[in-house]
Amino acid sequence: MDNRAIGYFDSGVGGLTVVKQALHQLPNEQIKYVGDTARMPYGPRTSEELKQFAMESADFLVGEDIKLLVIACNTATAQALPMLQEKLDIPVVGVIHPGIQAALEATADNKIGVIATEGTVNSNAYYNGLLAIQPHVTVAQLATPELVQIAEHKDLNAVETHNQIKEVVAPLVNSGIDTLVMGCTHFPLMADSLQRIFGDDVTLVDAGAEAVNTVEKILDAKSARHEIIPMVDHTEDEYFTTGDVTSFAEMGTKWLGLPINVSQLMINADGLEKVNIHE
């Protein structure tokens with residue numbers, strides 16, 4: 001048994017889609033989460049910037065005594081996963097490989113679409129990963145950075161928002177794909193709209209949620225699950241943001257369906273640091 005928390009980080013609230021799956025699938029595991037909203041979106045950032053941001057979030061969470069780290073961000077996974085796996089002494093799980101595996105299992109016609117940030121698309125992480133396992137697969141990628149902003153700032157239940165999403169993904173609709181990888185952890189927030197737009201014949205793959213399966217396997221292999229005690233309210237979980245605490249707490253509470261404790265992080269020359277509210 002290992003009662004330490006699992007750490008997660010993302011550019012914003014998108015990674016909470018991974019946390020939501022973890023709350024359902026691994027309900028006894030404590031959560032520590034960093035949302036780097038002050039520096040989002042990550043999509044247009046350089047590889048060097050993304051590696052720096054990822055290392056800063058990872059260093060902070062390791063300092064919080066976590067037992068495993070989840071990069072709950074496709075863009076950061078594409079650029080920083082090998083580096084973090086090499087530098088850290090704890091297991092590090094990304095969201096891309098689990099998404100690839102799930103997409104290949106789901107597709108019947110070997111025609112897979114991927115929507116993601118420009119950073120993830122330009123890295124060809126999904127494209128190369130899919131073809132490496134199944135050379136006969138057809139992959140259609142579409143950079144949809146607009147969807148990140150929609151997820152962070154729009155009412156996802158509004159008709160106007162649905163129409164905006166439809167316009168953004170239009171190049172992939174009727175393209176013949178039978179599986180769509182939501183290659184950004186923000187995108188499952190709009191899964192209902194995406195399913196209506198693409199139709200029931202297209203299977204949506206939530207890469208972030210698939211990563212939780214990998215986490216579960218690692219915990220079992222290492223006998224590292226939290227001891228079996230009820231964690232009904234998850235009041236010990238901790239969430240941190242480099243951006244606005246109030247808006248992060250509101251969106252997190254709405255999406256996760258439970259109140260969350262959010263603390264402010266300051267970005268300085270040495271990385272990320274908790275702000276002492278008593279100072």
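Cβ from N, Cα, C; glycine included.
Taking Cβ-Cβ distances under 8 Å and a sequence gap of 6 or more within the same chain, the neighbours of Cys73 (active site, proton donor/acceptor) are Phe9, Asp10, Ser11, Gly14, Gly15, Tyr42, Val95, Cys184, Thr185. Annotation source TrEMBL lists active site, proton donor/acceptor at Cys73 (among others).
Following the DSSP three-state reduction, the secondary structure of Cys184 (active site, proton donor/acceptor) is coil. Annotated active site, proton donor/acceptor per TrEMBL: Cys184 (among others), in sequence order.
Feature annotation from TrEMBL assigns substrate binding site to Asp10, Ser11, Tyr42, Gly43, Asn74, Thr75, Thr185, His186. Summarising the environment of Thr75 (substrate binding site), the number of other Cβ atoms within 10 Å of its Cβ, over all protein chains shown, is 36.
Note: His186 (substrate binding site) has non-local neighbours Gly12, Val13, Gly14, Thr17, Leu147, Val148, Ala151, Glu152, i.e. same-chain residues 6+ apart with C-beta under 8 A of its own C-beta. Its own atom aside, the Cβ of Ser11 (substrate binding site) has 33 Cβ atoms within 10 angstroms in the protein chains shown.
In this entry, Asp10, Ser11, Tyr42, Gly43, Asn74, Thr75, Thr185, His186 make up the residues listed for substrate, with the farthest two CA atoms of the set 12 Å from each other.
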